[in-house]
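S.K.: Once you've had a glance at the structure underneath, I'll fire off some questions.
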Amino acid sequence: MEIILAKRAGFCFGVKRATQMAFEAAEKEGKTYSLGPIIHSPQVVHRLEEMGVKVLKGLGEITDGTIIVRSHGVTSEELEEAVRKELEVVDATCPFVKKAQENVQNLSEAGYEVVVVGDADHPEVQGIVSYAKGKVCVVGSEEEAARLPKMKKIGIVAQTTQSFDNLKHVVLECLRKGAEIRIFNTICDATAVRQQEATALARTVDCMIVIGGYNSANTKRLAEVCAELQPRTHQIETAQEINPAWFEGVAKVGVTAGASTPKWLIDEVIERIREIDSAKTS
């Protein structure tokens, strides 16, 4: 059985940067906290916890120590609270997310009503929204955009892991809602390239394996776009979840991984597939 790994599977620039900053912070003396999971990989979060990094939902009673800001960013209020408490802040926010936050703030200050295209429940979006100083709403789809009221000036940004097609459809609806529209395409290039690679690979294989946390938006989207072309698509977090029955009648299997998936997890999955293949042929 041939195993084909997508070229850009695994850590993107922002995640690689964030994990490196987190592990460096964990090695220093003193209390270290992560304001939310550093990335959407339970396995990486567990390794940091073993090094003493405690994941927090909020700053609460924390009065000292180092706070690591996750790659998805946090709200402006949380960041201000950390500064007010004079905590040491290691800001591991992805630069692409940071740019979206800045765009929202600038649009808002310029008098635009802001539309954020994305998942309202995602921490990245909640952080981006917090930088608006005026009216702001989150739109997840073309249908939701159609329900927006008329507005004079609309400013649009996107969650970095959104698909370009969804952004395009929302923008087209917004054109019907306002006379003046300003758009910032804040979708990360790595997200678009990964999706293009994954769909190209899904067309040529008999089975697709997508590796990544079940709480990872970009991994979920990878699995969705692959499943549209290859029904035998399976999302997993670890090699232990692989079912040998998935590979019955399979000559070629494609493997890709979300932006928060470490290389060692990808290697374990590929090794497990090889073991299953060897057992079939022995």
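Cβ atoms here come from the backbone N, Cα and C positions, even for glycine.
Grabbed the feature section from Swiss-Prot, which reads as follows:
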BINDING   Cys12, Cys94, Cys188  [4Fe-4S] cluster binding site
BINDING   His40, His72, His122, Thr160, Ser216, Asn218, Ser260  (2E)-4-hydroxy-3-methylbut-2-enyl diphosphate binding site
BINDING   His40, His72, His122, Ser216, Asn218, Ser260  dimethylallyl diphosphate binding site
BINDING   His40, His72, His122, Ser216, Asn218, Ser260  isopentenyl diphosphate binding site
ACT_SITE  Glu124  active site, proton donor
S.K.: Can you name the binding-site residues among Cys12, Cys94, Cys188 whose CA is within 10 A of the CA of His72 ((2E)-4-hydroxy-3-methylbut-2-enyl diphosphate binding site)?
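M.R.: Neighbours among binding-site residues, in sequence order: Cys94.
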S.K.: Rank aside, I only need the closest one: which of the recorded positions His40, Glu124, Ser216, Asn218, Ser260 has its C-alpha nearest to that of Cys188 ([4Fe-4S] cluster binding site)?
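M.R.: Nearest listed residue in space: Asn218.
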S.K.: Quick one: which residues besides Cys12, Cys94, Cys188 have a Cβ within 8 Å of the [4Fe-4S] cluster site's Cβ centroid, in sequence order?
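M.R.: Neighbours within 8 Å of the Cβ centroid, excluding Cys12, Cys94, Cys188: Phe13, Gly14, Val15, Ser71, Pro95, Phe96, Val97, Thr160, Thr161, Ala190, Thr191, Ala259.
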S.K.: Where His122 ((2E)-4-hydroxy-3-methylbut-2-enyl diphosphate binding site) and Cys94 ([4Fe-4S] cluster binding site) are concerned, what is their Cα separation in Å, rounded?
M.R.: 15
S.K.: Other than His40, His72, His122, Thr160, Ser216, Asn218, Ser260, which residues of the chain come within 8 Å of the (2E)-4-hydroxy-3-methylbut-2-enyl diphosphate site, judged by Cβ distance to the Cβ centroid of those residues?
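M.R.: Not counting the recorded site residues, we get Ile39, Ser71, Glu124, Thr161, Ala217, Thr219, Gly258, Ala259.
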S.K.: Can you tell me the CA-to-CA distance separating Cys94 ([4Fe-4S] cluster binding site) and Thr160 ((2E)-4-hydroxy-3-methylbut-2-enyl diphosphate binding site), as a whole number of Å?
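M.R.: Rounded to the nearest whole number, the Cα-Cα distance is 10 Å.
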S.K.: Just to be sure I understand the packing, how many Cβ atoms besides its own are within 10 Å of the Cβ of His40 ((2E)-4-hydroxy-3-methylbut-2-enyl diphosphate binding site)?
M.R.: 28
S.K.: Among Thr160, Ser216, Asn218, Ser260, all listed as binding-site residues, which has the most CB atoms within 10 Å of its CB?
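M.R.: Compared across Thr160, Ser216, Asn218, Ser260, the most Cβ atoms within 10 Å surround Ser260.
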S.K.: Does anything in the same chain, at least 6 positions from Cys12 ([4Fe-4S] cluster binding site), have a Cβ under 8 Å from its Cβ, and if so what?
M.R.: Cys188, Ala190, Thr191, Arg194, Ala259
